[in-house]
Amino acid sequence: MASHSDKEKTLGDVLRSHGVSRRSFMKYCATTASMMAMSPAMIPMIAEALENAKKPSVIWLSFQECTGCTESLTRAGASTVENLIFDSISLDYHHTLQAASGHRAEEAKEEAMHENHGKYLLVVDGSIPMDNPGYSTIAGISNYDMLMEAAEGAAAIIAVGTCATYGGLPKASPNPTGAVSVSDLIKDKPIINVPGCPPIPVVITGVLTHFLTFGALPELDDLGRPKAFYGQSIHDRCYRRPFYDKGLFAETFDDEGAKAGWCLYKLGCRGPTTYNACATTKWNNGTSFPIESGHPCLGCSEPEFWDGGGFYKALSIPTADVGETVLYTAAGAAAAGVALGALNRATKGSANKAHEKVTLEDLEK
Amino acid sequence: MNEIALLEWVRGTGFQIATVVLVAGVIIRIFEILMLGRKKNLAEAKGSEFSSGMRTIVSRSVPESDSFKRSAFTIVAGYIFHIGLFVTIFLFAPHILLISELTGLGWPALPTPIVDAVAVLSIIALLAILVHRFNNKILRYLTTPGDLFIWFVTIAPLITGYIAFHRIGMSGPMLLAVHILSVELLMVVLPFSKLTHVFTIFMARWYNGAISGYRGVQS
Amino acid sequence: MDQTDSVIHFNIQASDQLTWNVEPLLHEVKHALERLATEDETSVIDLRSIPLAPGEEDRILEILGLGEVVARLNVLGSSDVVETEYSGVWVVTHYNENEETIGRFIEVTRMPEILRSQAEDVAEASERLALRLEDEQQEKQTSNKLAVEK
């Protein structure tokens with residue numbers, strides 16, 4: 001896709017050769033800082049780093065996925081600034097987006113992997129089936145083989161979407177394909193998890209930009225997610241939080257509380273346990289996010305959100321089906337109680353029988 | 001195990017185990033007590049067992065003025081945390097959701113800031129009680145490690161619930177998991193410790209009153 | 001049910017307070033403006049980094065009002081640089097080519113940097129102008145030559 005000489009250029013060179021003015025570059029840096037959830041005080045630093053950044057090669061592999069993540073990413077591409085980022089990276093392989101297909105596409109991948117060995121970024125969306133390699137193949141190559149081969153020469157791996165990061169819907173109970181995440185298979189490479197179903201577009205580009213800007217991985221949390229985007233819970237950044245604190249909840253989707261914009265906790269909101277940037281970055285270029293549209297958060301950026309009990313049941317409700325268990329337990333316990341009681345009575349009876357009375361003669365002995 | 005997996009375990013399997021132990025334990029204990037039976041009383045009944053028993057349930061729940069003077073602190077602090085536990089467990093909106101999901105019974109919640117204040121009062125009362133226990137020579141002498149364990153099991157859900165609501169110190173999933181876990185510990189310990197009084201106290205009071213009623217004396 | 005009544009009453013109060021982040025943010029602007037006045041220190045606030053309820057951003061912009069300067073930049077889509085009623089408080093809004101907002105900042109400064117002509121652009125412009133004049137001159141010379149030859 002990109003010519004060889006292009007790869008030696010810095011981002012500053014690329015922008016200037018595209019006739020991008022310094023003002024435009026400043027705008028680009030300001031919106032980039034905002035996108036990466038960085039303080040505006042960092043803008044000059046970002047400008048300097050971007051100016052000198054080298055154009056990295058990116059290989060994008062899609063496994064068991066729905067293409068929602070790519071859809072999300074291309075929505076990010078709708079804005080000029082993100083377009084610029086993608087002009088400045090070289091997306092050498094993405095079988096959904098690239099024009100080449102078949103052997104040509106596979107050759108492009110091989111070439112990029114060979115040329116940039118040890119330096120390219122590997123982006124993965126979708127989970128990997130381990131039960132039978134035939135469940136998901138590309139050009140006759142199993143997902144597992146393709147991932148392992150591409151991972152070998154990667155500088156870092158970005159797992160995009162909940163499928164690649166935690167197994168996602170394919171892994172939902174009973175996990176028919178034996179789906180696993182990227183980090184389940186690869187232990188010796190830095191992996192950035194960018195979960196979400198799909199992730200927020202600018203979060204995907206933000207992570208790519210961070211790598212492009214600083215040439216290093218962003219700071220990650222325990223689940224391998226960049227803290228800049230996943231550092232705070234939906235609940236803690238939710239504009240409906242004051243209603244939660246007051247105990248004002250919508251009981252149904254169309255009651256007075258729902259119309260007044262009260263907290264959606266009782267309708268199953270996963271905000272308190274979900275870490276993502278939706279509440280501040282928002283979706284569709286900052287239009288809104290699910291809670292703002294009146295729907296509880298599903299917790300799509302957390303592991304196993306699909307098996308965490310009904311989406312519309314409050315977090316305080318146990319996921320276990322306790323009702324029937326309690327009935328059987330109670331019946332069994334009642335029987336056990338009666339049996340133990342009978343045993344105690346028998347013990348008492350025999351103790352009574354064995355009891356010997358002390359007579360006056362005994363004491364005088 | 002990551003935090004979310006822990007949370008899912010305590011909301012699922014963990015809760016199931018705790019519920020089974022609680023229900024089975026309480027029922028076994030109560031049946032055992034009831035099956036002990038009473039020797040046939042050959043004396044003639046001089047009054048009603050039932051009404052005296054019911055009266056005693058109320059009268060013994062109100063402190064006598066003499067004993068109140070003697071140990072006002074224990075009684076006041078005791079009342080605060082007992083009422084506080086009742087309010088926080090049964091009148092907090094998320095807890096009512098859980099109960100109504102399991103039993104089909106629901107009732108209105110108290111406003112969250114009130115429950116929050118009650119929780120703080122209860123925690124203070126329980127802490128004060130512990131301090132008092134150690135400051136008083138006789139109480140300290142009588143205290144066993146078991147008593148401290150029961151105190152811990154009682155205060156833990158209050159503290160973890162408070163920090164979970166105010167989101168202090170841990171991530172969201174961890175806070176919730178730790179809170180539920182502390183409640184599950186309480187559920188498991190309850191039937192096999194002096195905490196069983198939750199279920200037996202009114203039975204025992206009624207029985208005390210009934211004995212007096214039979215004899216025709218004041219209880 | 002009187003319980004619902006009390007709840008609805010509560011709601012009216014709550015919606016009055018819905019703008020719970022507006023006031024703190026405006027106070028931040030006030031302090032920044034004080035710093036600009038006394039120490040000449042500039043500040044930037046990224047409006048995207050603050051959780052705002054629907055309508056709250058509009059409320060902030062409404063309170064800040066419109067001042068003496070309105071500039072529209074033509075840079076990678078457009079950008080609006082507007083001085084508010086409060087001299088020194090600027091609102092910079094960046095749009096993409098589809099006129100969707102991609103960033104909004106409150107800048108407390110005498111002049112937002114992006115409004116100034118940038119050194120790099122100035123240098124490039126002077127080169128470009130010089131080249132242009134050279135071209136013109138060359139063209140003139142060629143046409144003169146042609147005229148002479150005729």
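Each residue, glycine too, has its Cβ placed from N, Cα and C.
Since we're looking at a predicted model, the values are computed, not measured.
What TrEMBL says about this one:
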DOMAIN    A:66-210  domain 'NADH:ubiquinone oxidoreductase-like 20kDa subunit'
BINDING   A:C66, A:C69, A:C163, A:C197  [4Fe-4S] cluster 1 binding site
DOMAIN    A:230-309  domain 'Cytochrome-c3 hydrogenase C-terminal'
BINDING   A:H235, A:C238, A:C263, A:C269  [4Fe-4S] cluster 2 binding site
BINDING   A:C278, A:C297, A:C300  [3Fe-4S] cluster binding site
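Projection of TrEMBL feature records onto the structure.
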residue : record                          : Cβ contacts under 8 Å, 6 or more apart
A:C69   : [4Fe-4S] cluster 1 binding site : A:D125, A:V160, A:G161, A:P198, A:P199, A:I204
A:C163  : [4Fe-4S] cluster 1 binding site : A:F63, A:Q64, A:E65, A:D125, A:G126, A:S127, A:L169, A:P170, A:K171, A:A179, A:S181
A:C197  : [4Fe-4S] cluster 1 binding site : A:G68, A:G161, A:T162, A:G168, A:L169, A:L298, A:C300, A:S301, A:F305
A:H235  : [4Fe-4S] cluster 2 binding site : A:R241, A:Y244, A:C269, A:G271, A:P272, A:T273, A:T274
A:C238  : [4Fe-4S] cluster 2 binding site : A:Y244, A:G271, A:A279, A:I291
A:C263  : [4Fe-4S] cluster 2 binding site : A:R240, A:R241, A:F243, A:Y244, A:L248, A:F249, A:A250, A:C269
A:C278  : [3Fe-4S] cluster binding site   : A:I200, A:I234, A:F289, A:P290, A:I291, A:C297
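Of the listed binding-site residues, namely A:C66, A:C269, the sparsest CB environment within 10 A is found at A:C66. Mean pLDDT, taken over the domain 'NADH:ubiquinone oxidoreductase-like 20kDa subunit' (A:66-210), works out to 85 on the 0 to 100 scale. Under DSSP, A:C197 ([4Fe-4S] cluster 1 binding site) is assigned to coil, being neither helix nor strand in the three-state scheme. In sequence order, the binding-site residues from A:C197, A:C238, A:C269, A:C297 that place a Cβ under 8 angstroms from a chain C Cβ are A:C238. Ranking the binding-site residues A:C297, A:C300 by how many Cβ atoms sit within 10 Å of each one's Cβ puts A:C297 at the top. For the domain 'NADH:ubiquinone oxidoreductase-like 20kDa subunit' (A:66-210), residue counts in helix, strand and coil come to 68 helix, 31 strand, 46 coil, using DSSP.
Taken residue by residue, the domain 'Cytochrome-c3 hydrogenase C-terminal' (A:230-309) breaks down under DSSP into 32 helix, 6 strand, 42 coil. With an 8 Å limit on C-beta distances, the binding-site residues from A:C66, A:C197, A:H235, A:C269, A:C278 that reach chain B are A:H235.
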